[in-house]
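Asker: Mind looking over this structure? Questions follow.
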Amino acid sequence: MPADVMEKNSSSPVAATPASVSNTPDKPKTASEHRKSSKPIMEKRRRARINESLGQLKTLILDALKKDSSRHSKLEKADILEMTVKHLRNLQRVQMSAALSTDPSVLGKYRAGFSECMNEVTRFLSTCEGVNTDVRTRLLGHLANCMNQINGMNYPTQPQMPSAAAPHPAYGQPMVQLPGAAPQSSPAPIACKMGGPPVEAAKVYGGFQLVPAPDGQFAFLITNPAFPHNGSVIPVYTNSNVGTALPPSVSPSVMPSVTIDSVWRPW
């Protein structure tokens, strides 16, 4: 009997050993394991931020476009983004038009800035190694097309006063208005610059007669509505020492409304 008791007591410490091994603390997680475990939480927060921003953007864009939010309650995310892009493009066009109407030099500055940026991109692509040739060609082609569109934009036309002198687009000469005798016909602007009497050779240019002068300059002759349509013309000069010349067939007494003082001169 004592032998059995001694055998049982000697075996009890061995049986308790596995329990002490199982209670050891786990090893700390590595950085990669921590990222993997926290990734679902970060993804959930990111989606919540996106949905919150899209909700605010939907409210703003519907208010800006003056649309009823109750009729557009189920807009997709792509629809909200497309509406926002279109609205911003329209705002950009309006701002550009307003800037051009107040300061016509804005378009010239924009062209100069775009051209400078295009030159810098071209210089970088020509010196940078590792850029695919196809990518370089497509990028430069896109910039060239944009530059052509910008160059095709026109300056806004400014309203001209009836008696104001404006340069002729082809010759750069002042526009001189000759009042006619008929009240229903509006005066036609002509460009003239001449130092002497007209010679015999005359050509038609833009509906007017172009008469070359002996000194190499030109004069435009315009028909007066007070006379018949069979060939009477009135030359207008910009030189103060040259009077208003009439053809031999026209008498000064038949045109009281056209005098030297009635012609506006810029000097």
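Every residue gets a Cβ built from N, Cα and C, even glycine.
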Asker: Looking at 88-91, 152-155, 204-207, 264-267, which one does Swiss-Prot call motif 'WRPW motif'?
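Answerer: Of 88-91, 152-155, 204-207, 264-267, Swiss-Prot gives motif 'WRPW motif' for 264-267.
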Asker: Per DSSP, what is the residue tally for the domain 'Orange' (110-143) in helix, strand and coil?
Answerer: 29 helix, 0 strand, 5 coil
